[in-house]
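Worksheet for the structure shown next.
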């Protein structure tokens, strides 16, 4: 009887469990010739394709992905957006969660497929993301989403159609592409001492072309702001590139530049190609389609739209939001926007327009959305956005998503999920260029090398002092605490204009609870909220893993933002700018969350000891001459009341 009772209890327990499937995948990373935009170059293929294969799972699947490095250089793979709850060793960051995967070696990543939604995977080894190591990653949700769809339409047919579309989305990987490899591009920057950010193509799912419109057309398509404030006495090049030798772009370091070192075809010398544009087929019988856009771009902000088809953004960075209707949306490096599109127009071929938003270059990519059975029909259309990212219709000005427009950026989580009213720990990070046009800091002066601690990942040494200078690159937090990260931009010497920074936190999402203009002058966030409550939102702020800092081409005395999160997932997590050029220039910091309850690392992920194969473990780099550094000390003490790499006691409590 006792055994039967025990068996019955066991069966009840088993019946209540949600069994997760174990799903295994293999990725082979290779360096080969390719021509995604019609121009041949060396690049990275994953399983023989670019972008890498789509990885699709169900929520809470136990994922096991074996990565084989068939290249002649190091690599890792980061699973961007995956929570990595309890598996920080699978995050794929050299020097934090693992050593590099060396040539000929393999690495097994094991983690839970969570949270549901749209994510992606990419290299986290220097700038090789832009060489092609990236792909889409999608997790189908368990939950019934009908309440979400009812906010778009109350028609039961529409709700059913959207439910189906969300589980079988069209994954749309956006990337920018250059004829130069990442190493060649960075060498051009170092040799010329100029920040270069011009590309040849914008691709969708690995397809695109090089367009060379007449220069007069490009000049007429240039956004008014950059033209008048950033380079008022010059024009864009025949590639649509902003002029490289311009103080409004390079800052005071333009006088140190060597423009003759810029290789041909980076800034000018447009060569058209015969590539091919991507076509996505949709079935009008389905009623709706979900297009999930992934910004795998290195430094471009793409203003995507579909001619004649408004769209509803319902998911941002793998987090469901209150749906918002737009006709165009600007998406920036690292972000993911999932949109619902109603298929109710005349069947035919409609252009998907993919221009740079106008903040870095006059360039566009194109693709096609084709109604099934109407491939050869081209209904008359009028674009929402033009080649240069300008408004093509009146509604574009009022119904577009622009991250600088705080009202348009109001997309609170669904269901509601507000943060705590107060924080336990606060850290001020003063960000910007430090000592040159292409070196970037997150901590006033110190640069985070891309190979920092490559052979001694901080996962294994969370409480060990990493060196006097290196300590400026590390923040340690306690488990369960609420943390505020205060980001200050456009106040460092020579960096008065607020350039974009796409800030991505690994390991957890953050709420953006506040924005403001000027220099951060408060001893705490609580004091700031009391002084200017209109600058904060604690009721229903947005929740994302990637946020864009404020942008202004005109020096305005600085801008600040406050991001809040709770430490619930102990581990070493990178916080960095997702513009590859800025990260390569040093704009990262290590957040060692929950050092008081650090997880036990499985034996299979222990540090390996072997001769170096081209990997360097570099120290933090103070990048300034002594006079500049002394000036910075005086500035930080007088204006912000803190020293570089430090916070006031109130900020570090």
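The first residue you see is number 1, and the count goes up from there.
Backbone N, Cα and C atoms are what each Cβ position is placed from, and that goes for glycine too.
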Swiss-Prot annotation, Cu cation 4 site containing 577, 582 - matching residue among 501, 504, 506: 501
- prompt: Which of these binding-site residues is closest to residue 235 (N-linked glycosylation site) if you go by CA atoms: 506, 577, 578, 582?
  reply: 582
Query: Looking at the recorded positions 220, 463, 576, which has the shortest Cα distance to residue 501 (Cu cation 4 binding site)?
result: 576
Task: Please name which of the recorded positions listed here, 220, 255, 277, 463, 577, is nearest in space to residue 506 (Cu cation 3 binding site), Cα against Cα.
output: 577
Field: Check: same-chain CB within 8 A of Cu cation 4 site center, minus 501, 577, 582
entry: 431, 440, 500, 502, 503, 549, 576, 578, 579, 583, 587
Average pLDDT across the domain 'Plastocyanin-like 1' (31-143), rounded to a whole number: 98
Query: Can you check what DSSP calls residue 479 (N-linked glycosylation site), collapsed to helix, strand or coil?
result: coil
Field: Which listed residue (277, 463) has most other Cβ within 10 Å, given these are glycosylation sites
entry: 277
